[in-house]
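Quick look at what Swiss-Prot lists:
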type	residues	note
DOMAIN	1-157	domain 'Obg'
REGION	13-44	region 'Disordered'
COMPBIAS	33-43	compositional bias 'Gly residues'
DOMAIN	158-338	domain 'OBG-type G'
BINDING	164-171, 189-193, 211-214, 290-293, 319-321	GTP binding site
BINDING	S171, T191	Mg(2+) binding site
Amino acid sequence: MKFIDEVSISLASGRGGPGCVSFRRESMQARGGPDGGNGGKGGDVIIRTSRHINSLVDIRQNKRYAAQSGRMGEGRQKSGMDGEDLILIVPQGTVFRNMDGEIIIDMTGISEHTLLKGGRGGKGNEFFKNSVNQAPEHAQPGEEGQEIEVRLELKLIADVGIVGFPNAGKSTLISRISAARPKIADYPFTTLTPNLGVVKAGDYSSFVVADIPGLVKGAHAGVGLGIQFLKHIERTRLFIHLVDASGMSGRDPLEDYTDINNELKMYDENNQDKEGFFPLSTRPQLVVLNKIDTLSESQLTKLKKQFKEASGSEPFAISAVTGKNIKEFVQELARQILKEEEE
């Protein structure tokens, strides 16, 4: 299924049904008193989340979604049927914005929300009967429904986000620590869409990790795949900053680390005025040196020292391919998440 994380649509609640003009028909009397019923209520627009979908691709199939209008009232004081509600099912973490970019509703911790109310049904002529007018010949029209244009923006919900250069081993890592099976190959930009994986850290403990397409220097200006997927890790508690420690592609691990952090800062600067934005550059990071199976002991010791000086904390060293230190890494990750939850 194609991954779609932004879509613009219009939503409309149903119009209320009109009231009915009707008079009783009785034997011996051609026209009895008024008995026109009220119109039915228009359907609401209800937003409901589902954890079983993770893309807006199905919603993109239509430009306009409308609830059903209420039916007209009938004689014998029968009310018209209410219009059927429109239930729009979206992934958890979907944000609804108006066309000015303001947040209308954030479906992060909410399972259901009535976004637009349907119009009220009009009163039938029986309602307007009084001592002065015993046979009113008018009824009320139904109330108009509401309509709005919205932009849906999906931000995946995960506890941990993995950031790093292409080929740092992000997809290999998430497949090693979870049941996720992203595409893995030895060339840049293998990952073209975000991947989510559930990591078990004990009998009763688990957390969700998000792997996004790799960043490169200049991503904020559109280089590579750009920074379009960074919004999917805005909700995470912390980052795994994964670094290719091998240097086999002619890269400098420390430069890669610095470049990624600079891209996060640029992303923050470009989005700081956006309502509902969560800065990324200040998010806690667990720096992880990957592919240590390609290094000698002395090379690894030297690299860890350099990273400790640069980041202010001891980096974690693993090999996602061989599984070296993976168990200890997952335990440390679980501890870090627990620490963030307590704070």
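Even glycines carry a Cβ here, placed using N, Cα and C.
Below 8 angstroms of C-beta separation, residues 66-86, 114-129, 134-147 of the same chain, each at least six residues beyond the ends of the region 'Disordered' (13-44), sit close to that stretch.
When the Cα atoms are compared, P213 (GTP binding site) and S171 (Mg(2+) binding site) turn out to be 9 Å apart.
When secondary structure is read from DSSP and collapsed to three states, K170 (GTP binding site) falls in the helix class.
DSSP assigns S319 (GTP binding site) to a strand. Per-residue confidence over the domain 'Obg' (1-157) averages out at a pLDDT of 91. The Cβ of S319 (GTP binding site) has 22 neighbouring Cβ atoms from other residues within 10 Å, across all protein chains displayed. Sorting the binding-site residues N167, S171 by the number of other Cβ atoms within 10 Å puts S171 first.
The DSSP breakdown of the compositional bias 'Gly residues' (33-43), given as helix, strand and coil counts, is 0 helix, 1 strand, 10 coil. Counted with DSSP, the region 'Disordered' (13-44) comes out as 0 helix, 4 strand, 28 coil. Summary for the binding-site residues K170, P213: the Cβ-based neighbour count within 10 Å is maximal at K170.
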